[in-house]
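Residues or ranges marked as transmembrane segment by TrEMBL: 25-44, 65-86, 92-118, 139-159, 171-192, 204-231, 251-268, 289-314, 339-359, 391-411, 449-468, 520-542 (among others).
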Amino acid sequence: MATVNATLESVVHQFRHFSFGTIDYAVFIVLLSISLLIGIYFGFFGHGADNTEEYLLGGKRMKTIPIAISLVASQLSAAAMMTIPAEMYSFGISWFFSIASMALITPVLCWVIIPVFYNNNISNCYEYLELRFNRNTRHLLTFAFVFTIFLLLPVYIFVPSLAFSQVTGLNIHLINAFICSICVIYTMLGGIKAVVWTDVVQGALMIGSVALVCVLGTIKVGGVGEVLNIASKGSRLDVSFSFDATTRATFWNTSISGFILWTAYVGLNQSCVQRIVALPTLGHVKRSLMFFGAGVIVIMLFNCFVGIAMYALYHDCDPITLGYVQKADKMMPFFVEDIAGHLIGVPGIFISSVFSAALSTMSANLNALAGIVYLDYIKPYIKHTERKANYIMRGFICACGVYSIVGGLVVEQFSSILQLIYSIGGVTMGAVFGVYVLGMLVPRVHGRAALWSVIASMVSMLVIIGGAQNRLHYTSLPFSIEECSQENINKSIFSNSTSALGNLPNSAESESFCLFDLSFNWYVTIGCLIVFLVAIPLSYILPAEKDYKLNIKLLSPVLHPFLNYNIVDMDELPELKTVKEF
């Protein structure tokens, strides 16, 4: 068996020589230059750059594979590249089941959800809510989207800035400001085409980088078998099937919440739907989503295995315990330097890939956010011209960039970025998933019931998540420093090493159940359940609006064979006073 024990001297040596070389900087500069050039090309030389439909939807002429790669790239955010391995390192593989649910999510998107948008020629997914329910439901969910993205925008670039600061010693906030500016410039200039084609370049780099780190880490430990053997002994491969709702990560809460969160984010979130409906036909969409689903599973599997390999390498000489890495979210750059620092250019490739992930996610959200804010909140109140629309959307993107830079000061204060993301998503994503599922699969539900159910869900989740702040603290699975050199080491072992309760909250042992002690992995599930539990009874209690009529085309095609209905001409349906989107 290969020796995998890391001594204190080797860890310190790697940490002190944790730096960027000329080749690393060159790789990084090339990536940013390509992104800028793509934005400049589509902004100044691409046809129809000043047309709103072209700017937001690429004229609905986008290609299958680029859209699939773009969707994959935006799912593997910088937060995912940094925090998923950290999650595996500290808490084991339970979170992987949220990714495994993608095997079910892709067919649901292809045959249940996306056909509804195509059959009704919907390019703004929130328009569906007005057609199916009422205008108030649309406005509420649109606001929820804008609110959620605004909270997450500062996270996207801050995470890779953290990694870059770790390896260069440069000020994290200067890095954050510089990279945010690059993202804003190419997104502002090139629109959706720049977003997608930069995603293609960045996605290729991300996939190659994650696979390379996974392979090099496995070789360093001694092979796949050795990685799995050490991880098993360290309880990193253990999966909890507990029904205890306070347990941090179990098979149940990760797989169920993963299904809801990913379905809502990919199929019911404008930043992704905007790219999906930019494809010319539903057939193109289905093929693109199949490629996307397979790509996400593969790249996330690599990403999770990196965390397991990381634990196998440091299982008996933990850098966090020694104080050479501040927290698990910062372990990835340390690990990459350790296993590949001697290979010219590899650290640069990795850091560039982390920034690629961040740029991909942020640019897609900026483009979608600009479109939503303009179409829903600005266009109804001004005299629309294509020139004015583009100036406003581009100005809004610039303002979002400034906000993201300032917001990095707040993100820095959070101890777990993955937990932060799930907490923010928990407020709105459960309600989003629930109301769309009701709209597409439960014909009985009408607008008033849907609106009150969404309000009830969001308010309830705000109370639960707000009450849980500073209450949920989790102890990681055991670590050790017993094989490190004893020089300058406090002989007492870090408290994690003696704890066998890695998935239990650190809060005081409570004799009775408290709602605020719920695992953050249950947030989206609870939000979704509240929508169902409120909307369905209210649909029988409250009368529908007087002018309400259900258009069968607004239900999912999977229901059509089971319904008795008559086709109603569109001119017989109540008129919806909506703003024409494009």
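Cβ coordinates are placed from backbone N, Cα and C, and glycine is handled just like the others.
Because TrEMBL annotations are produced automatically, they should be read as predictions rather than curated entries.
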Chain residues in Cβ proximity to the transmembrane segment (289-314) (below 8 Å; excluding those fewer than six residues from its ends, i.e. six or more beyond): 4, 6, 11, 64-65, 68-69, 71-72, 75-76, 80-81, 84-89, 93, 95-96, 99-100, 102-103, 105-106, 109-110, 114, 206-207, 210-211, 213-214, 217-218, 220-221, 226-228, 230-231, 234, 236-237, 266, 276, 331-332, 335, 338-339
Folded-back contacts onto the transmembrane segment (65-86), same chain, C-beta under 8 angstroms, at least six residues removed: 95, 155-157, 159-160, 162-163, 195-197, 199-200, 202-204, 206-207, 210, 262, 265-266, 271-272, 275-276, 278-279, 287-289, 291-292, 295-296, 299-300, 303-304, 306-307, 310, 328-332, 335, 353-358, 360-361, 364, 416-418, 421
Proximity verdict for the transmembrane segment (171-192) and the transmembrane segment (339-359), three or more C-beta pairs under 8 Å: yes
For the transmembrane segment (449-468), sequence-distant contacts whose Cβ falls under 8 Å of one of its Cβ atoms, 6 or more beyond its ends: 129, 132-134, 136-137, 140-141, 144, 423, 426-428, 430-431, 434-435, 438-439, 515-518, 520, 523, 526-528, 530-536, 538-539, 542
The transmembrane segment (92-118) and the transmembrane segment (339-359) contact flag, 3+ Cβ pairs under 8 angstroms: no
Positions whose Cβ lies under 8 angstroms from the transmembrane segment (339-359), at least six residues beyond its ends: 14, 17-18, 20-21, 23-28, 31-32, 35, 73, 76-78, 80-82, 156-157, 159-160, 163-164, 167, 179, 182-183, 198, 201-203, 205-206, 208-210, 212-213, 216-217, 220, 313, 332-333
